[in-house]
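Colleague: Right, I'll just put the structure down here and ask away after.
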Amino acid sequence: MPSRGWGMLRGRPKTTSIFRSEVMSLVQLYIPSDVARYTVSQLGELGLVQFRDLNSEVSAFQRSFVNDVRRFDEIERKLRYLYSQIERNDVDIYEFLDEDFVGNSRGPRDIDDMEERINAHEDRVLKLTAAFKNLQLKHLELLENKYILEEVSSLFTEITGRQDAGHGRGGRSYTATDSASVGRDGAPLLTRTDTSSRRSIGSLDAARAGEAGIDIDVGGMGRDINVGFIAGVISRDRISTLERVLWRSLRGNMFLNYVDIEDPISDPKHDEPVYKSAFIVFAHGASLRDRATKIAESLGATLYQVDSSAERRQEELIDTMSRLDDLQQILENNNVARVNELTSVSEQINTWFTVVRKEKAIYHTLNLFNYDANRNCLIAEGWCAANDIPAVQSALHMATEDAGSNVPTVLQELRTTKEPPTFIRTNKFTDGFQNIVDAYGVPKAGEVNPGLFTCITFPFLFALMFGDLGHGFLMTLCAALLCIYERRLAWLAKDESMRMFYTGRYIILLMGIFSMFTGFLYNDIFSRAMGFFASGWAWPTDQGGEGVTVEAAKLDHVYPIGIDPAWHHASNSLLFTNSYKMKMSIVLGVIHMTLGICLQVPNALHFKKRINIIHVFVPQIIFLFSIFGYLVFAIILKWSTDWYARDASGELTHISPPSLLNMLIYMFLSPGGVSDSEKMFRGQGVLQTFLLLVALACVPWMLLVKPLILRREHQKIISEGYGRISSHVRVSSEGEGLGGAVVVAEQEEMQEDDFDFADIMINQTIHTIEFCLNSISNTASYLRLWALSLAHAQLSEVLWTMTFLPTLKMSGSFQPVAIMCGFAVWFVLTFSILIGMEGLSAFLHALRLHWVEFNNKFYDGTGVKFEPFSFKAVLDEAEEQ
């Protein structure tokens, strides 16, 4: 009987389920060249086809549509530049999208018009920005020159003022140092003279260097100063470096005076305001001034020429102020024109971004296709769900109409033995649970999907560790708000820290609901008991007192649902709940693992490997039930037996409740022997011996039978001469040798027989040992359900006792305030620790129980996820970047 391929199916399923992945078909498309772009556009909007790369041996720079990809890369670069200018100038961006232009198929004329508009906008913005930067540089130069002129004039005025005073006292020329500024050897010291905000270093005497002197001419109103100097502006954080370097390089033969400019200066080179200082350096001789000039320029200073004449400095300052006013007006006009231009761009930039990214994705996809020169068409191959083929055909028909062509695109299904990608249809509810499964591994095509069972088992196992009616209610409330207002809160999906909570809102909702259910069974709400029904125990009223232990009397009825609230007040409550939750964890763990083992059956039936049912599933389930199934039976029997029942004479019918842990240990250490204190029923020793022998017999069954059967079948195939069959299927071979394209759907080289009994035997040995050991370790791993539940309950009790309960016992006028403060502390700690941290801990432990204890019983998870070509995925990825 021929094997059924994934592509040739007589009947397609009409319903879909997440129990298995979708049945996939390998389809081949013959697309006329003039329709190709419209076809890919329609399929991108549909998002149902994953294309294969038929040019994998061709580099990206040698493909047919590489120029088109580069074209749209360049357009996208221009849009990014315009977007950066919009953000820099604080222009509001419109969220409007032109749905007619974005959603419908666009012709080449529409794309050309869009490109021309983008180029025109970019050209105008570039020119305005370049002009603005040039004007800013000129404005910066004039502004710094103004500060220099003001500083030089102020300094000269101060120096000449002191000179006048010096002449009045004795007619001698002015020097900037007095006796305190000169050392014993007559050398000037490093001094700072603070006059208002001005600071200086050195002295004019040092700058004079002992020669003819630096004369300050005060013989006229101009008060000119006849000394060589340089002046400029430098960043404020470098002025101290300039001081030290000049002082050491010129050996103190200089006079530096500087003042910090109070207002920050907008420097176009740094795109941010910069604090600077204006400085002036006096030095004698051209060589020293040249040296000072090089030092200042090396530190990033900007030097300006300042006339020594006071009148000319005053004229230059007036001219600079006038030019600054004019330049400021020009800058404002340029900025208004630039903002207006960017505003018109902001109205369409989102639409243009969307269209450009779609068009680039179209040509990237077209580069995956083969070109058939004889037919003048493109040949594409891809995977799609069999159920979606009618939708794909409809999209192809629409593309032909949009292109105005009479030649339709031809779709045909191919027969192939290639393993298809895995496509599991999910909705907003099941998507989160499927992501949990995919994080472990993507299901193989046709393999049973654990996601279906995870929707129930995951929140249930979480709730067993988190069981509290109050905490579950708070968690359900938060998740319900996320689900009800999911459209308004969709922005949370863009925030990296909140994305996990938003995408997993339905997981959190179910975890909260199940936690409320288990909290009701545990009879626990914020560590308090709930008395919904009449208790089965009664506390004596005529006994007891402080420090006296009393025993509750058992009534003739039991609490109908969950744990009796009387246990919350008992001193032995922890012993009772520990025993109860520990046994419950073992029972539920064995049930969960049994479900995983049983799911091997539908897998074996689907892949036609019935040998896995008889020689893998059957021995594994017998092995598990022989040991841990018997333990579950013993737990239920112990629960259902009244160990304190008495006969008609008043004697106990049973000795004492047995220890199940000791029973299980001595089942292996002492087969057939059961002590009277551990005996639960007649024939227990014989039954335990039988179950132990059955479990031991299952080990060679799992280890040897399957490999030996596979070896026998292989030898039979070899003996009949079918050992080297290969498949070589050509889909199209017309025009071969004449320039036509040849598309091969499946071509498998003839290979040597790859059956290796040693490898199979080693693999089966590993699986057998792993299953036998994991049966013990995995069962013990489910005890985390008991441990986490105990820790959660005890931590909740501690928070209640330590934070809120003391305020309820207070008295006096401050009690209301204390209650409010205590409640606030208790609520914050409950929400942050018990719901936040404990919830995360329980989530991770539930995740481990599914990944390790459940999935390894039946799940390979070696599939490849179905990733169809979709504009939505392309745009989402671009938005994340």
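Using the three backbone atoms N, Cα and C, a Cβ is placed for every residue, glycine included.
Relevant sequence annotations retrieved from TrEMBL are reproduced here:
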- 111-138: coiled coil (COILED)
- 164-192: region 'Disordered' (REGION)
- 460-485: transmembrane segment (TRANSMEM)
- 506-523: transmembrane segment (TRANSMEM)
- 582-601: transmembrane segment (TRANSMEM)
- 613-637: transmembrane segment (TRANSMEM)
- 686-704: transmembrane segment (TRANSMEM)
- 785-805: transmembrane segment (TRANSMEM)
- 817-837: transmembrane segment (TRANSMEM)
Colleague: Taking contact to mean 3 or more CB pairs closer than 8 A (sequence separation of 6 or more), are the transmembrane segment (460-485) and the transmembrane segment (785-805) in contact?
Modeller: yes
Colleague: Taking all residues of the coiled coil (111-138) together, what is their mean pLDDT?
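Modeller: It averages 92.
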Colleague: Using Cβ atoms and a strict cutoff of less than 8 Å, what residues sit near the transmembrane segment (613-637) while being 6 or more residues removed from its termini?
Modeller: 583, 586-587, 590-591, 593-594, 597-598, 600-601, 604-605, 660, 663-664, 667, 680-681, 687-688, 691-692, 694-695, 698-699, 701-702, 705-706, 709, 771-772, 775, 779, 857
Colleague: Within the same chain, where does the transmembrane segment (582-601) have neighbours whose Cβ lies under 8 angstroms from its own Cβ atoms, ignoring anything closer than 6 residues to its ends? I mean 6 or more beyond.
Modeller: 448, 453, 457, 461, 464, 612-613, 616-617, 620-621, 624-625, 628-629, 631-632, 635-636, 638-639, 660, 775, 778-779, 781-786, 849, 853-859
Colleague: Are there residues at least six beyond either end of the transmembrane segment (686-704) with Cβ under 8 Å to its Cβ atoms? List them, or say none.
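Modeller: Same-chain residues near the transmembrane segment (686-704) but 6 or more away: 615-616, 619-620, 622-623, 626-627, 630, 667-668, 671-672, 674, 764-765, 767-768, 771-772.
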Colleague: Cβ under 8 Å, sequence separation of at least 6 from the ends of the transmembrane segment (817-837): give me the contacting residues as numbers and ranges.
Modeller: 468, 471, 474-475, 526, 792, 795-796, 799-800, 803-804, 806-808, 810
